[in-house]
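Contents: one structure, followed by commentary.
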Amino acid sequence: MVNDFNEKNGIKKRLLDFFPVVLEGIREILESMQYFPEETEKLLYSIKRNTLGGKNNRGLAVLQSLTSLINRELEEAEFRDAALLGWLIEILQGCFLMADDIMDQSIKRRGLDCWYLVVGVRRAINESQLLEACIPLLIRKYFRNMPYYVDLLDTFREVTFLTELGQQEDLLSSRDGEASLRSFDLMKYDFIITYKTSFYSFYLPIKCALLLSRNSNQKAYDTTIKLSKLLGYYFQVQDDYLDCFGDYTVLGKVGMDIQDNKCTWLVCYAEKFASADQLNLLRAHYGKAGSENIAVIKQLYHELQIPELYHKFEDDMVDSISKEIDLIDESTGLKKCIFTKFFQLIYKRSR
């Protein structure tokens, strides 16, 4: 059996080597519109800067999932189609992150200054929209003659809407003031992470692979949604924990959730278990800028044993996800190994 680490890195190199093809496709679209050459280069640089630099897990997932579904190595045309869709998901991720950094007033992303700090808020907003808008044009350019073309367009549009709906609720729930803290609860949190994270991070790559493999089994799609929600929940709670207790040098970004008044797993449970005095402390310091406020909240989390609760949660989620993977009906064409690989990527991660 091929070593998973070497296999992943070999595929990753091929995926990265393919990215210029995607950029060239965008260039051809812009040239057909007679867009100005100098501005074309600026936009292509923005796309490159805001798409590259991550772990590429979503793009890799399309390639690895398709390989598992057809149970053989990908032919060149199959690799090309899967790599294209993988990069479209990475571009979608890039546009979400650009907007997210503006809304959260973040400083660093993937170890670099956030794009809005480089080019200004107005240009960064418009370029995030351009990243999103180029996706259906690239799908039309490369897949318009395929039988799954409409399904592909529909899937990207739906997932984009669901993700932005989750982002909207995340934004509204983190509005300034004590009232927002009182509105934090696990039901609201579940909604945010289901729509903000699960669909584009887990469901979309696998759905793309299912479409490429010509699998139209509804049960396979339903199972994919169910497991994607579980994986997304686990992934986002990890994100919340790492934002507070992770190592910046490993994460490549500065944690902002406490001062940004975010509805996180940590604050939901802190509210649930806090005494009256602790709740007053939480309301006095949560959502406030300044290292002293952040230190108070982190100390409160320790007093409430939130880190210990997180580690128990992680163990329970590992057990639940493992059991759900074992229940997958492979007669639908879906493969257990697809979700196992996803699970291995995020299992007790540190970034």
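Using N, Cα and C of the backbone, Cβ positions are placed for all residues, glycine too.
Long-range Cβ proximity for Lys55 (isopentenyl diphosphate binding site), meaning a same-chain Cβ under 8 A and a gap of 6 or more residues, is found for none. DSSP assigns Lys55 (isopentenyl diphosphate binding site) to coil in the three-state reduction, outside any helix or strand. What Swiss-Prot records for Lys55, Arg58, Gln93, Arg110 is isopentenyl diphosphate binding site, and it gives similarity to another entry as the kind of evidence.
Note: Asp100 (Mg(2+) 1 binding site) has non-local neighbours Ser106, Gln167, i.e. same-chain residues 6+ apart with C-beta under 8 A of its own C-beta. Summarising the annotation, Swiss-Prot assigns Mg(2+) 1 binding site to Asp100, Asp104 and lists similarity to another entry as the type of evidence.
Annotated Mg(2+) 2 binding site per Swiss-Prot: Asp100, Asp104, in sequence order. Residue environment of Asp104 (Mg(2+) 1 binding site) contains 17 other Cβ atoms, counted within 10 Å of its Cβ in all protein chains. According to DSSP, Asp104 (Mg(2+) 1 binding site) sits within a helical segment.
Residues or ranges marked as dimethylallyl diphosphate binding site in Swiss-Prot: Arg109, Lys196, Thr197, Gln236, Lys253, Lys262. The Cβ of Thr197 (dimethylallyl diphosphate binding site) lies under 8 Å from the Cβ of Thr163, Gly166, Gly232, Tyr233, Phe235, Gln236, Asp239, each of these being in the same chain and 6 or more residues away along the sequence.
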Q. Nearest to Arg58 (isopentenyl diphosphate binding site) by Cα distance: which of the binding-site residues Asp104, Arg109, Lys196, Lys262 is it?
A. Lys196
Q | Candidate nearest Lys262 (dimethylallyl diphosphate binding site) in space, where candidates are the binding-site residues Gln93, Asp104, Arg110 and distance is Cα-Cα | A | Asp104
Q) Neighbourhood of the isopentenyl diphosphate site (Lys55, Arg58, Gln93, Arg110): other residues with Cβ within 8 Å of the Cβ centroid, in order? A) Gly53, Gly54, Asn56, Asn57, Gly59, Glu90, Gly94
Q) Cα of Gln93 (isopentenyl diphosphate binding site) to Cα of Arg109 (dimethylallyl diphosphate binding site): how many Å, rounded? A) 12
